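Quick look at what TrEMBL lists:
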- 11-202: domain 'Major facilitator superfamily (MFS) profile' (DOMAIN)
- 12-32: transmembrane segment (TRANSMEM)
- 44-64: transmembrane segment (TRANSMEM)
- 76-97: transmembrane segment (TRANSMEM)
- 103-131: transmembrane segment (TRANSMEM)
- 152-178: transmembrane segment (TRANSMEM)
Amino acid sequence: MRARGAHRDPNVLRWLAGFTLSGVGDNVYYIALSWAAVQSGTPVQAGLVTVAGALPRAVLMLGGGVLADRYGARRVVLGSTGVRCALVLSAAVLLFFARPGLWVLGAVAVLFGVVDAAFLPAAGALPALIAPPGEFGRVQGLRGLSTRLANVLGGPLGGVGVAVGGTAGAFGAAALLIGVSWPVLGAVRVRAGVEADPRGRV
C-alpha cells in the first residue's frame with residue numbers, strides 16, 4: 001500500500017497549521033513591540049529594544065538545540081509556545097492599563113528572545129520527526145511555505161491590530177494567535193522510534 005503524501009497527512013497538516021499560526025503571531029508581536037517602543041522613546045531607543053530581543057535568541061540558540069535533544073522537540077515546542085503566549089499576553093494587559101517605560105518593553109523583548117532560542121531549534125527539528133517515510137523534503141517545503149506566509153500576513157495583521165486596538169490590541173492579537181497554535185501543535189504526534197530521547201519521551 002502506498003504511503004500517504006505529506007500534503008494529505010492529517011498529522012502533517014496539523015503541524016503546518018500550528019506552525020503557521022505561531023509564525024503569524026510572532027510577526028504580529030514584532031510589529032507591536034516596535035510600535036510600542038517607538039511610542040515610548042526615540043527611534044534609536046526602539047532599535048535598542050529590538051536588538052535586546054535578538055541578542056539572546058542568537059546567543060542561546062545552541063542551548064535551545066540541546067534542550068530539544070534532551071527533552072524532546074515536541075515537548076520543548078509546546079512548553080516554549082506556552083511561555084511565549086504568556087509573555088505576550090502579559091505585555092498586552094500591561095499596555096492596556098498603563099504606559100510602561102522602555103525598560104519594561106526591553107525586558108519583554110529579552111525574555112521572549114530567550115524563550116525563542118528554545119522554540120526555534122525544536123520547531124526546526126519537528127519536520128524530521130513527523131514526516132511520513134520518503135516525504136521529508138516535501139514537509140520541509142511546506143515549512144518554507146508556512147514561513148513565507150507568516151511573514152506576508154504578519155505585517156499587515158500587526159498594522160491592523162495597532163490601528164484598531166493600539167499596541168495593547170496588537171499584543172493581544174499576537175497572544176491569541178500564539179495561544180491558538182498551542183493546542184493545534186499539541187495534537188501533532190511524533191512518529192514512533194524517530195526521536196532520540198533517553199527517557200523515551202516525545
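Placed from the backbone N, Cα and C atoms, the Cβ positions cover glycine too.
Just so you know, TrEMBL annotations never went through curation; they're auto-generated.
Residues 21-33, 35-36, 39, 81, 84-85, 88-89, 91-93, 95-96 of the same chain lie 6+ residues outside the transmembrane segment (152-178) yet bring a C-beta within less than 8 angstroms of a C-beta in it.
Non-local neighbours of the transmembrane segment (44-64) in the same chain are 30, 33-34, 37-38, 76, 102, 105-106, 109-110, 112-114, 116-122; each lies 6+ residues outside the stretch with a CB under 8 Å from one of its CB atoms. The domain 'Major facilitator superfamily (MFS) profile' (11-202) scores a mean pLDDT of 91 in the predicted structure.
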